[in-house]
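Notes follow once the structure below has been shown.
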Amino acid sequence: MDAFKLLTRSIKLKGSQLGSSSISSHLPSAGEANNPQLFPASEADKTRGTKRKRESGEDTELPNEIPVPDFFGSGSTAAESPKAQRKRVTGKDADAEGQHGEETSMPEEERKSILKSHKIKMTDLRTPPFRAVDTDISGKKSKRKKKKVEEPPPLTRKQLKAAQRLYPEPLTSFDKLRTRYHISRRLSDNIASQGYTVPTEVQLGSLPLLLGNAPAPNERTADDESLRSQSEREPDLLVVAPTGSGKTLSFMIPLINKIMKHHHDNPGLKEILAIVVAPTKELVAQIVNEGRKLTAGTGVKVSAVRKGMRIVEERGQETRSLEEENDGDDSTASSDEEIHSSEGEKSKDIPLTKSDILVCTPLVLANALSDGGKRDVAPLPSVQKLVLDEADVLLDPLFREQTLSIWRACTHPQLRVGLWSATMGSNIEELTKSTIKERQELLGLKDESSLIRLVVGLKDTAIPNISHKLVYAATEQGKLLGLRQLLHPTSTSSSTTHLRPPFLIFTQTIARAIALHSELMYDIPAEAGGSSRIAVLHSELSDSKRSDVMAGFRKGEIWVLITTDLLARGVDFRGINGVVNYDIPNSSASYVHRVGRTGRAGREGGVAVTFYTKEDIPYVKNIANVISASENLRGTEEGERIPKWLLDALPSLSKNDKKDLKKYGVKARRPSTISDKTTSKKTRISTKSGFDRRMDNKRKGAIKGSQRRKAREQLNDEESEDDVWNGIDD
């Protein structure tokens, strides 16, 4: 019985107060989630793998929460180092345990149970070297014909899947990184200082594969090294995990650990050992920022590739093409030599980068390795690890040529590749297999490297911890009205969609993002900050402007950010309360990445609202199917799901239509249709009357005409000055 309810029976509370308190208590901006896992294990699974017998000096119960510092206490107890925390929690020195303690291996049934409860599936994509044998059939035939040896029948599809499944021991706690996998003490402290306590599903499954159960550094011998090189080689990994599940941490920890071991074995040698490729500059800056937090005090340097950075040694003049040497006369040849020599002197003045990990977009690195396309791509023989973040985009036709050129430039025989994304099609898997095989044949490698696929949850599905709303708005004016209702909610009932700032708004094109920003610029009152609370971000802005907008949005100075698919992938905004798809995405994968900007690290309460009009109806079914799959995974009640009649009524797209939609977007909103007056009226983002638009166009035309007249007058003045006779020269 609720005592507060009994005591306030005669008091009429305002509905807005009740609604606001209930809504604000479950928002992503309210703080971090207690458990970052999307598919947490049951209580029975949590106790598995733990010791029943307590060690001497160990407490009966472990604290479930991080200790809160006493700000008013003495100075000696105000702060506590991570090492002291581990001593206080476990009652012994965790570092000593990591060097001398032995971890018992987990039984296979227990490993299977944990991986299944967290919805983790690992598959070896190599063809199994064995075949299934039917003993009854082979026995009968061997009696009749002893001389003839028959081959065993091929594996069935079910047997093949069972043979390819892997069940490695999962990482149940970040403490085991030090005790079992023997990572650096400094790296372990950096992980603890960032507040990482419980590994997410992708970290639980991928870190054991990438780190391996290596012996401790002081116990390693030559025999151990040879055994590890043969039986415990790091695999090529293809990971499909939900958005916001911690993929960056999953590939950065093994990279840093491997580079620190390389520095220990080769002191004084500085070279590029790992490359991380991402599709956007914003994602590159984010990865560098997270990497620098983890590498503090480790001696590992993480840098972003900038224009003009010198990555490889200067190549000789013999790489110039024969056409440049043979074309033209002697004077042109000598001038070309002077130009090349001056360029060579300038490049020699730029110091060679001393970074261990380079993070870049594909075009910047490809241009740096080929001098802007003037030469062949220079090899990178020292790179031992290549990571493709958002690999499905990097291997899409837009970036494929640049990404593959970087991949082929990494000529180290022990190169390992990691492909990470929330969506991964079968075509990307086939391209990965063919590229690895082609590279092995080119380098003459005989041993086939293992390629493992790790899938968390349902493949190509939106995260289940947010609510999805598909809203029919009929026209562009209806979408504007619906968006303003989200900005200024009037109803307090729980049935309506509540969306509190900060949130993102996605549009199809840059022009539409700019138009929507100008339309909503003054919707927030001046008392709350006015137009400074709404901003627009797209690729045509300068780098400094883009970084300023990103910084303002992270600080909370900007509440509503209007953007294109530039921010749809990888960028981590942990406190975003929702996402609005003002224009429907071009594909189901784009929808998964857009709505994944909210609900990061298991945060509940995020909302994804998608508006669609009459022109969008032929393209909505793919998005509706993704929403339906996410609702099934979440266990949404029947009344809150997308109705089945809507899924049945929406038309399906052909393969060619899907390709056109992915490449060009919805036909009615493509830039090529702007010239059509009828279509442009339907898709115009504006509430201005025709008279106001005509007056604006006249004013803009007058300004342009004035600028043209000034330019023409200035040109005439320069010509008249040249025509003036200055007399006879002395």
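The backbone N, Cα and C atoms fix where each Cβ goes, glycine too.
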Write down the single range among 241-244, 389-392, 517-520, 685-688 that appears in Swiss-Prot as motif 'DEAD box'.
389-392
Residues of the same chain, at least six outside the motif 'DEAD box' (389-392), with any C-beta under 8 angstroms of its C-beta?
238, 247-248, 251, 276-279, 283, 287, 419-421, 423-425, 428, 569-570, 589
I need the neighbours of the ATP site defined by A241, P242, T243, G244, S245, G246, K247, T248. Which other residues of that chain put their C-beta within 8 angstroms of the C-beta centroid, in sequence order?
T200, V202, A422
What is the number of residues in the compositional bias 'Basic residues' (700-711) that are helix, strand and coil, as DSSP sees it?
12 helix, 0 strand, 0 coil
Could you pull the average pLDDT for the domain 'Helicase ATP-binding' (228-442)?
83
Within its own chain, what residues at least 6 apart in sequence put their Cβ under 8 Å from the Cβ of G244 (ATP binding site), listed in sequence order?
I463, D572, G596, G599, R600, A601, G602
Using DSSP, what is the helix/strand/coil residue split across the motif 'DEAD box' (389-392)?
2 helix, 1 strand, 1 coil
